Amino acid sequence: MPCSPSLRSAMRVCSRSALLLVLLGVLRHGGASAGLLELSLGKFRNVLLNQTSPVEAVIRNIGSNVTVVVFQVHAQQSDVVISFDKTPSVNSSGVGVDRGLVSILRPQQTVCTWYLRALDAGQVLSTAISIPYMEKDPIPGGCNLEFDLEVDPNLYLDYTLVDIHIKFAPANLGYTRGANPPSCDSGTGQSSRWRLRYDVYQYFLPENDLSEMVLVSHIRKMSEVQSIKANGIKMLTLTTDDKTNVYFSSLPGQGVIYNVIVWDPLWNTSAAYIPVHTYACSFADLVDNCSSLSKLSTKVFFTAFAVLGLFTCFFGHRFWKTDLFFMGFIVSAFFFFVFITRVTGLGYDVRLILTAVAGIVGGLLLAGSWWRFGSVLLCMFVVGLVLGFLFVSTLFFTPLGDYRVFRDDVVFWVTFTSVALMVPVLFVGCPRILNILASGIVGSYTVVLAIACYVYTSLAYITLDLLRRVLNDYFNRAYTNVPFQRNDLIILSVWAMLALSGVTVQLRRERSEVPFPPHPYLTWKRERERRSTNVLDPSHHIPPLKERIHNKLLHIKEFFQKDQPAGERTPLLL
């Protein structure tokens, strides 16, 4: 039932209905809202938390073969406090939306207890699970030296608009109940923790879906070892020699879950850390929150850009100067935005306005250079360069871009530039084909960029990741994997259809025409000389421009003057 913002009673009814739906969802999934939460090993339970009444989570009848229990709780956007005691302390609790604790079991211990509550006021929907591990399983975070907990199985995530940084504590080898834990620094041989391997996994939530229940249902797929391997995407493997830091490209508005599996190759056993999720945006901000990421200036800029691109896609070669203006706009706007972002601290809207002005100037310069010099080779070099940059960006948008060799900036930019320059070189013998291909493919891609301002699509990151790499010195360390779901497939089909249609229409229309129009400056110069020497040409008798302007102004002035009455204008003499 929709909520009416103008009626208070309707708002109360809607809020109560929403709370009732949440309660029903919690009860349906077997949750608890207050007091005692009974858990079973490996079973998820939903629970409503508040700030004033901690929930006691208890698991009973733990088998003697279990040596470690990892307890974890997840919420979408509100922080949760998880602790071993009713009164949390720094060394015995964790705070966050995805947090967990490791309970090292004593001999004969069969019961474990933890305490949960919301950090802030209000009801918080969360899901909790306890996962058992045996004596040969590695212990996530067992060699923690950086964070507060003695054994810390958590992944710590920070994000910006550019990248996501994940760090975690190294694991330790498993051991029996009552024994001393293996030393973390006793050596680097195969009998120590240095033999452990860390596999980092990534999982994408459904696009354009920010609901709590979707997160709760999908985060279960990334909590246990077997489900992580079945549903997640393995991004990389770290050894103990590597730093436990990983970077990914940021995808604002797209839900992503990350987790790490630590693997002991000697015993072929594994354990999972606490999964962590992010949308790379804030739910609480009034402006630019997760529901409205694109600024108005961005929407206006790329919508106008898409209109010009769509025209170029179907009529670029016919309207040659407009096509040149479009390509010159892209080149000058891109490099000017990079320059002004790196050397100034101006706001985004100001930079975008100046970028539009610089793009218009660049487009006019390229069109003007064609009018004055008439060099098809120079213009085709710029057009081919734009198509080459889009082609190489698409190549690096694939898994090829995450190869370790391309983390080196020198290797990346040399490869990028070389492949981009190959496009105008390969088409040097058929410039008309190159121009039609470029106008069709590049022009249709502007429609994709415009759609991305209103609906999330991963295809926008074809060029956005290139811009990030240019603007940020450390973006080379980030993995740039993105989801490819139903929306992306539809938008890719639209892009392919527009590009194919535009290229086909232009090829059929231009096949009987001259490849390129004649040199405009020479044509104008010959026409001027002809008019000046041919007295029979009516244009020869056209007055100079200054005189024509003066006559026009006089004509306009006469138009606004009142007509004088005809006849005698003086009184009759008596």
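The backbone N, Cα and C atoms fix where each Cβ goes, glycine too.
What TrEMBL lists as signal peptide is 1-34. Feature annotation from TrEMBL assigns transmembrane segment to 300-317, 324-344, 350-371, 378-398, 410-430, 442-464. Among the features that TrEMBL reports, domain 'TM7S3/TM198-like' is placed at 303-507.
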Selected stretch (most C-beta pairs under 8 A with the transmembrane segment (300-317)) from 324-344, 350-371, 378-398, 410-430: 324-344
Candidates 324-344, 350-371, 378-398, 410-430; stretch with most C-beta pairs under 8 Å toward the transmembrane segment (442-464): 378-398
Non-local residues, at least 6 beyond the ends, that sit with Cβ under 8 Å of the transmembrane segment (410-430): 377, 380-381, 383-385, 387-389, 391-392, 395-396, 437, 469, 476
Mean of pLDDT values spanning the domain 'TM7S3/TM198-like' (303-507): 94
Same-chain residues at least 6 beyond the ends of the transmembrane segment (350-371) whose Cβ lies under 8 Å from its Cβ atoms: 297-298, 301, 320-321, 324-333, 336-337, 340-341, 344, 378-379, 382, 520-521
